[in-house]
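Peer 1: Starting off with a structure, shown below.
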Amino acid sequence: MRSDAIKKGHLKAPNRSLLRACGLKDEDFDKPFIGVANSYIDIIPGHYFLNNYAKIIKDEICKNGCVPFEFNTIGVDDGIAMGHEGMLYSLPSREIIANSIETVMNAHQLDALICIPNCDKITPGMLMGALRVNVPTIFVSGGPMASGVTKKGEKISLSSVFEAVGAYEAKKISEEEFKDIECSACPSGGSCSGMFTANSMNTLCEAMGIALEGNGTILALSKEREELLRKAARRICEIALDERFKIRNIITQKAVRNAMVVDMAMGGSSNTVLHMLAISREAGVALDIKDLNFISSKVAHIAKIAPSLNSVYMDDIHKAGGVSAVMAEISSRQGHILELDALTITGESLKERLKNAKIKDENIIRKVDNAYSKVGGLAILFGNLAEQGCVIKTAGIIGERKFKGKAVCFNSQDEAIKGIIKGKVQKGNVCVIRYEGPKGGPGMQEMLSPTSLLMGMGLGADVALITDGRFSGATRGLSVGHISPEAAEGGLIGLLKDGDEIEIDVDAYTIHANVSEEEIAKRKKEFALPQKEVSSRWLRMYQKLVSNASKGAVLDME
């Protein structure tokens, strides 16, 4: 056993003495030691109950002949961190989470790992850390919350509240309606109820085979979710010493491809691109941002979920057959785009896992021949504005897929929010928000507040927004993010001026500023990078080491 390094032989008597102080007995030193990586924190609605979930898992591990050791990671709630300096810390928290998993697991030489993530950066951070450790691993998330319901009977989610801010600013809803939306949107614990970043990543864990069926869709705080926890705990005990189930044997090239196929079919958050690039790097798997358009071109978009379709939420997907039904439909209709021989954590191939899966409600999960789109719900655009690529969630577009407009430039998200409220962005404009990339922020803030303001003010179908920052999974509209190279590293987005004409053609995968080469060269000579004081030592370190978004915004030591 890997854990023999801390428990076997007379030289390890001091180690055992410390473990005895934690309650271990003689017989425990012959059992596998299993790390239970929790992410319990009171301030995140998807995490405040995870202390109880960890207890369920630990009790089951003990019943099945292993010894659990719980430890915790930090967590940041992107919704609560939104709209102030706290958002600078969201993406960097992914690296801290990855480092903490690696540190605890390797410092104590634990044999296997079960991770309990749920929201935002916690799932990808745990995946990255687990891949570094490379022991048998299972992920079991806390689960999505139920959708909210207003007094009028309308189903809503957190994204509805962000958009209500814009509607209230524009005097389109009353104060009473505004309050009702605020108080109704998040009715329970769990990750926010739509296909936002948290649910996207928990769904992709299922697609990659590192989680059991239902991981992405079974509601939080339900009896069914508790049973999933117990199943995961029993399974980690069964495989704790089986090298076939080391996480790098599960998250392979095939698994990463399967994740991106499901991402396209379900219209996942644009953040998944950033995270899957980082995860594939830790797995030693090749994933180039340029490959994603090929996958998208081969995968129909068959499940549309809030915020793209505000009548459908994760619990609806679960009732309609879940992620397995989506994968089964894609595999039966779209050739060999899914790698069906990929190994899952149950020991089954993906093909075996899907053999009984079927769509139970074609109004929720469509057949391929009735898809929302013949291509996937994400696209990568290239052009002089994004030579290394940028990302758009095509599933969230509510207007035209081709757009031409005049730039209105802002050098920060805060500046953009003020400008939008003051009416500086009008129909037909392209709202440009720059110096918000991984280095420029630093931290690559999400632009949910500006996109939601535009949507709530009735401009969502008539304005494009481009940024070197990123978006919440709750964003919709013609919103292009992750522009690389970013402004802080000399990207063309930093040279744009108000009135420059910008063309976006989603179906041609292009984004272009209609500025002559001579004018660009002139602006480069005159350009001076705006100086931004960064008082945080951690953020200065992050700024110095982080790559741009086209590489996953990872800390690059090379």
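Glycine residues also receive a Cβ, built from the backbone N, Cα and C atoms like all the rest.
Below are the features I grabbed from Swiss-Prot:
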BINDING   Asp78, Asp120, Lys121, Glu446  Mg(2+) binding site
BINDING   Cys119, Cys192  [2Fe-2S] cluster binding site
MOD_RES   Lys121  N6-carboxylysine
ACT_SITE  Ser472  active site, proton acceptor
Peer 1: According to DSSP, which of helix, strand or coil covers Asp78 (Mg(2+) binding site)?
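Peer 2: The three-state answer is helix.
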Peer 1: Among the binding-site residues Asp78, Asp120, Glu446, whose Cβ has the fewest other Cβ atoms within 10 Å?
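Peer 2: Comparing Cβ neighbour counts within 10 Å for the binding-site residues Asp78, Asp120, Glu446 gives Asp78.
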Peer 1: Quick one: which residues besides Asp78, Asp120, Lys121, Glu446 have a Cβ within 8 Å of the Mg(2+) site's Cβ centroid, in sequence order?
Peer 2: Val76, Asp77, Ala81, Met87, Ser90, Leu91, Cys119, Thr197, Asn271, Ser472
Peer 1: Non-local Cβ contacts of Lys121 (Mg(2+) binding site) (under 8 Å, 6 or more apart, same chain)?
Peer 2: Gly75, Val76, Asp78, Ser90, Leu91, Ser93, Arg94, Ile97
Peer 1: Looking only at C-alpha atoms, tell me how far Asp120 (Mg(2+) binding site) is from the residue listed as 'active site, proton acceptor', rounded to the nearest Å.
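Peer 2: Spelling it out, the Cα of Asp120 (Mg(2+) binding site) and the Cα of the residue listed as 'active site, proton acceptor' are 9 Å apart.
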Peer 1: Using C-alpha atoms only, work out the spacing between Glu446 (Mg(2+) binding site) and Cys119 ([2Fe-2S] cluster binding site) and round it to an integer in Å.
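Peer 2: About 15 Å separates the two Cα atoms.
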Peer 1: Of all the binding-site residues given, Cys119, Cys192, which has the fewest Cβ neighbours within 10 Å once its own Cβ is left out?
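Peer 2: Taking Cys119, Cys192 as the binding-site residues, the minimal 10 Å Cβ count falls on Cys119.
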Peer 1: Only counting partners 6 or more residues apart, tell me which same-chain residues put their Cβ under 8 Å from the Cβ of Ser472 (active site, proton acceptor).
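Peer 2: Correct list: Asp78, Gly79, Met82, Ser159, Phe196, Thr197, Ser269, Asn271, Glu446, Met447, Leu448.
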